[in-house]
């Protein structure tokens with residue numbers, strides 16, 4: 001019976017293989033897998049069946065299970081047979097190093113393995129090797145996948161330009177697809193050619209729309225989703241160009257589309273955080289969640305991931321999360337010990353906590369351990385010292401930077417700082433050391449505006465001007481003489497030298513003045529009319545033209561009219577008495593005058609009862625109880641009784657209340673009391 005059962009199963013095998021073949025051609029790999037499993041029940045070590053099972057699992061996206069089958073049957077599925085499938089599963093499971101070892105250990109390098117090898121090298125960011133691999137593939141392959149290989153080749157060149165700052169070579173690729181245009185734009189961004197890159201991206205967008213619109217099944221939403229990465233790169237260019245509002249608007253539009261590419265979302269979120277900086281931190285805290293999505297680390301390059309982590313640390317600092325900031329920056333420093341940013345973030349956090357001394361010590365330790373980065377660190381230390389008010393110590397730190405201490409910019413900064421501290425001797429010493437350094441090494445670098453003037457000569461001129469400004473005339477004279485020897489035809493230097501000698505040695509000044517050119521030789525051919533009519537001239541002469549008879553009379557009579565104009569007399573007050581001397585304190589307020597004694601008490605009482613029966617007086621409004629009850633008293637102002645009465649009901653705007661509110665409330669309370677008494 002057992003033999004009969006085995007024979008029946010063996011007889012069923014051909015039918016099962018036919019089913020596997022038919023399902024494979026139809027793309028129904030789930031059904032094919034069931035048939036393969038039945039075959040393996042007949043013969044568990046069937047090599048072809050095991051291979052088919054691995055392929056079916058890969059086609060269904062079950063890479064982990066497929067790799068498990070390969071590792072379980074290593075005796076049957078040797079590396080020569082299943083190398084590509086194993087490497088591909090490892091690649092899709094993001095085990096890139098393992099995939100590389102599997103490919104390299106294969107005895108025969110098939111075209112499939114070479115294709116996968118190029119992908120693996122790109123993920124490992126070994127761009128030079130990757131470029132060579134794709135060139136070899138394009139040279140030795142002729143099939144329908146040539147366009148895809150060229151796209152991958154252009155992606156490698158773009159990555160080199162962006163991350164390694166390598167000048168990309170012209171591959172001679174015809175940019176007929178939007179992918180090639182996009183990659184070309186990325187390469188241009190790496191070179192800093194932003195305007196050209198924007199034009200390429202616009203072309204890529206146009207090609208993308210044309211390509212996708214040809215398919216009737218593709219909707220507008222699908223097209224926008226495909227264009228999201230192109231629009232994201234456009235927004236990045238806008239951000240680099242300083243058009244942050246436009247960039248922010250485009251970034252937010254992409255986020256609203258909810259693209260499935262987690263790498264794109266992470267990059268956009270990071271760029272929005274960089275725009276927000278220390279502002280709008282609530283929005284930044286929401287956006288940073290998009291950078292923590294699972295799978296982001298496999299979609300971005302190492303430098304992109306590093307930039308995101310830096311920004312997380314900075315955001316923690318801006319949101320006053322000191323412990324989180326320290327934790328992130330310490331982690332970054334352990335990953336990249338030679339990188340500047342982690343230690344700078346730590347120093348910035350210490351400064352926010354008012355621990356400037358610790359910040360300087362931290363920077364000093366880093367500078368001692370990493371001499372290559374010492375210059376940038378010391379510049380930061382100097383800035384901290386200036387913030388503390390220790391300008392002299394900041395100067396000492398700057399002068400310790402050997403590669404920068406003789407640069408014209410550094411010399412200028414040091415002289416300015418020493419001048420601020422009134423340390424003129426140290427400032428002159430900085431000039432002297434810089435001049436000696438340039439003279440010693442015979443540096444031939446020249447200023448752009450005057451190629452014939454070496455840097456050390458321009459420093460001598462600046463030193464001479466500085467010394468003249470601070471009264472060091474004799475020292476300035478020696479510098480000016482040196483300049484004049486270098487260029488005896490320089491009239492400007494000669495004039496400065498004569499001016500300096502005139503204060504110290506007038507006779508020497510007279511002798512030198514003989515070297516000045518004559519006034520005729522110095523006369524300049526200047527078109528006075530053109531100069532007066534030029535743009536920005538303070539006086540522009542009117543163009544001469546023919547005048548009519550009336551205009552001539554006006555021109556001639558203009559001077560007479562001006563002569564006849566007289567200043568109008570100021571108006572005098574009505575009660576002005578020329579015999580009485582005006583009050584010298586009349587311009588001061590009444591309260592500030594020396595003779596002011598305050599208001600006289602009882603003045604209002606004297607006015608009560610005066611006048612005929614029934615007549616009203618100026619103070620009658622003040623005797624009205626209904627008015628005084630509803631108007632809170634204010635402080636009296638100087639002036640007569642009528643003015644006081646008129647101003648007593650005015651409340652300043654800042655304290656103004658609804659008129660009559662207190663009185664009304666009081667009356668309502670009185671009514672309630674009366675009603676209560678009546679009820680009882």
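Here the Cβ of each residue, glycine as well, is placed from N, Cα and C on the backbone.
Annotated features, as they stand in TrEMBL:
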type	residues	note
COILED	96-151	coiled coil
COMPBIAS	562-572	compositional bias 'Basic residues'
COMPBIAS	574-595	compositional bias 'Basic and acidic residues'
COMPBIAS	626-663	compositional bias 'Low complexity'
COMPBIAS	664-680	compositional bias 'Basic residues'
DOMAIN	542-598	domain 'Signal recognition particle SRP72 subunit RNA-binding'
REGION	542-680	region 'Disordered'
REPEAT	228-261	repeat 'TPR'
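Long-range neighbours of the repeat 'TPR' (228-261) within the same chain, counting only residues 6 or more positions beyond its ends whose Cβ lies under 8 Å from a Cβ of the stretch, are 178, 182, 185-186, 189, 194, 197-198, 201-202, 204-205, 208, 221, 267-269, 271-272, 274-275, 290, 299. Secondary structure counts, DSSP: the repeat 'TPR' (228-261) has 26 helix, 0 strand, 8 coil. Shown for the compositional bias 'Basic and acidic residues' (574-595): DSSP residue counts in helix, strand and coil, namely 3 helix, 0 strand, 19 coil.
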